[in-house]
Amino acid sequence: MAVLDVKNLKKIYRPRFGGNQVQALSCVNFSVEEGEYVAIMGESGSGKTTLLNIMAALDKPTEGTVLLDGKPLSSIKDKDIAQFRRDNLGFVFQEFNLLDTFNVKDNILLPLVLKGENCKHMDSKLQPIAKELGISALLEKYPYEISGGQKQRAAVARALITEPRLILADEPTGALDSRSTDELLGLFARINAGGQTILMVTHSVKAASKAGRVLFIRDGEVFHQVYRGQMTDEQLYQKISDTLTMLATGGDRR
Amino acid sequence: MKKGFYIRLAGEGISKNRKLYFPYILTCICMIMMYYIVSFLSISKELASIRGGEMLQRLLSMGVFVVAVFALIFLYYTNSFLIRKRKKELGLYNILGMGKRNLVRILLWENILTAVISLVIGIVFGILFSKLAELLAIKLLDGATGFGVHIEMKPILMTVGLFLAIFLLIMIRMLVSVYKLRPIEMLRSENVGEKPPKANWLFAFAGAVILAGAYYLAVKIIDPTTAMLVFFLAVVMVIIATYLLFIAGSVALCKLLQKSKKYYYKTRHFVSLSQMVYRMKRNGAGLASICILSTMVLVTISSTMCIYADTESSIRNRYPHDITIEWSGKTSLPQNEDGTDTELKDSVVQRLTPEMTMTYKEAVEKVLESHKVKAENLENYNLYSLSGVQSDDVLSIDFEKMKGEISSINAGMSGSVKTMYFTTMDDYNKLKGTDKTLAEDEMMLYSYKTDYEYDSFTIDGVGTWKVETMKEPPIGVGNAMANMQGSYQVVVKDLSVIEKIATAYETINAKPLQDGTLYLLSLKECYDFDLKCDEEKQIEIYKDILESFEHISEAADEQGNRMGDSLANYYADSKAYGKGDFIALNGGLFFLGVLLGAVFLFGTVLIMYYKQISEGYEDQDRFNILMKVGMTKKEVKQTINSQVLTVFFMPLIMAGIHLAFAFPMIQKILMLMSGVEAKVFVIVTIGCYLVFALFYVLVYVVTSKSYYTIISSKEK
């Protein structure tokens, strides 16, 4: 069964004081299977962020449904939504969003504490993840003391520690240098190989080329998609580039 | 560039930052207003003409100084908020191509605009409210006045001068900070790279120890006279300790709690605790200031209010009767032929003979007759007073011998100086209409402002008496009430006992003065009575009595000897006459207390407002992240609420604790100044605290609203 199912998603922004309506999403359909690594690509203004916000239950669609494990997000009550989010979803943001008042360890443990987990189990969950992400030595440091790449790894650890059904990553490499980008993408590939479902929004071709499937969004709908199949990263990269060129030059749906 | 350009930019800068600027200008206006009012009152002719007005004006001129110092510190402090918040904006101007010279010009204009606006409005309001304050002051002093508004040039000039100086100082600081400015730093968010605060255990520990010491001093002090000295020491200690505790102690406490994993890793504590550390580090000093200011407000208002409320009863205590007259015997020490003083003989105590006071009594009668009033509740009795040092149940009266000890007495170590007032059983029975008797070795004792817990009483070198304590003072002795140290009023068998004590005392202690006169603190005859007429007439009668007394004592007989020499010394006092001074002093203190209280309260409110605003901006991002990470809006609100509440109400609670511990000490000091009852003081203090707390909550409600507006503005 699909972990995530997006059906006929439509989102229209209505300005508060009249003005023109903006259609951010017109009709989006796709689904993500268990263990998949999906990248969503699109130009600025194509509706990527809106889509992500709706999938994260941060925003509500005008029409259509999002199903997580077959359960529609719209059926969750407002007051339960934050809890639902922290139980089922893990987030990785472009700007890391680490709290500067916590050290790395406490930042990672934050979701567990919010969940009300017993502090004895916390350490046993933290250690393997920290080791896997190579931040064991940084646990006692504060965000301002570590590099961007390290910060993003801490953020990934924070997303992973609750063992979420799905990880939503919003431009995770956007604020990283190329080496850190490589490291992070390698990391994503590894955790995906471990069975973690990942959905990543990006406009970096390089980031997308590591995914198992790439969706292209244009004008508020899924315009095209590319499966990796037997392709290597380089081949996929080429394919994505070609697709983007075609999109930019205004080719029709194939 | 056009000439109005900078002014326009400056005006825009002010109105764009109105959330920060308006409270600042309001502060300036209020400070200027307060300063003008206080300095106006301190030289107002209208006030000076009221009885007691001059005393109030002397108090007020001290108040002028306090307000000036406070205004300087306070404006300087609030302005620093402003600079910190505006650095980003200035940095942007700088990057957009404005040189530092241009920035300086903008700031210059901003400062000039602020100064002019607040000076003009402040003085106008000052003039308007000065009349109100004057009316209030005069009302408190029981005087009457017209409703004309006066404008005095001198206080205006003083105010303008002082505040221009303060503004200049603030501007210099602003300019210095502009020159130190680096645009990149200014643009960056304020929180980036802030190190986690380290707990300074030494300071925290020192703070706790000093506070404990100050509390111990405050509670332990027994003797009221020493309370004054120790009070000052304790106040300084409390101020230091409060700063240490708020700055270092709070961080240390948070760190300690963080070490306890079980406590720390709980949903309710996790976020609050970690943010609290930063909050305390940043706001420790401000919170300590709030705490100290609040304590000051509470202490000033509650104690001055107590004194004022108690004016009537302290007048009653000090003047049990409308007219008080005392006669005392005196004698000249006969000189030897070679001019040296003769040795004091055994019985130097001169008993007051009826002849010595007769003439005076007749004079009083005559005066009363001429005013067509009668002496009511006449109390005519003998009184003997002496001072000694009490330790346990022994009173030592040899001051020569105790010279060394006296200094230690003043330090409040062993025993304390007590004054005793002796009367006879006869007089007591006569006054009270009772028929009691006492044996030679018995006494009845009443203690003022102190307790006596022993069964017997020994006067060193004189004798020992069995003691029966009384619940009511046998005779209202005004001096006993006014006495700063505790005193005892004692009833003994008869005059012979008093004479025995007096003789012993005078033999040991009396020393002739340089002119050879030996004023013996001999027996006094008291002659107190009430008058059934209004106060003005009482004063008239009092003055007439004094005049006739003077006349009698100055008159000479046929041989050219002063009549006064063979008559008793006299002392007379009138309740109606003395009342004015009491009301003036107590009312003046209260007035000053309210004025300073208002200034302090205003300071507290402003600091709280700025604290809330600046924290709001800092918390914006954290609030956002927490929401994204999966905290519900309710949880975030709870966390923030609990932090804000803690930070906000900690100073109030701490001020309450300070007040509770200062209570015994203040009560003792109040006892020196007037006979305020403990119960009254408790009620007044608690009342003040509650009213203050109400104010505090009100400020909280108002400021937390703007806090949440800031917090949630970034949510969308």
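Note: Cβ is positioned from N, Cα and C throughout, glycine not excepted.
These come from TrEMBL:
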- B:21-43: transmembrane segment (TRANSMEM)
- B:55-78: transmembrane segment (TRANSMEM)
- B:63-180: domain 'ABC3 transporter permease C-terminal' (DOMAIN)
- B:106-129: transmembrane segment (TRANSMEM)
- B:156-179: transmembrane segment (TRANSMEM)
- B:199-218: transmembrane segment (TRANSMEM)
- B:230-254: transmembrane segment (TRANSMEM)
- B:285-305: transmembrane segment (TRANSMEM)
- B:589-610: transmembrane segment (TRANSMEM)
- B:644-666: transmembrane segment (TRANSMEM)
- B:678-702: transmembrane segment (TRANSMEM)
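Mean pLDDT across the domain 'ABC3 transporter permease C-terminal' (B:63-180) comes to 83 in this model. DSSP assignment over the domain 'ABC3 transporter permease C-terminal' (B:63-180) gives 101 helix, 0 strand, 17 coil. Looking at which of B:21-43, B:199-218, B:230-254, B:285-305, B:644-666 has the most CB pairs under 8 Å to the transmembrane segment (B:589-610), the answer is the stretch B:285-305. Long-range contacts of the transmembrane segment (B:644-666) within its own chain (CB-CB distance under 8 A, at least 6 residues past either end) are made by residues 214-215, 217-219, 221, 227, 230-231, 234, 238, 242, 246, 250, 272, 276, 279-280, 283, 287-288, 290-292, 294-295, 298-299, 303, 608, 611-612, 615, 681-682, 685, 689, 692-693, 696, 700, 704, 707.
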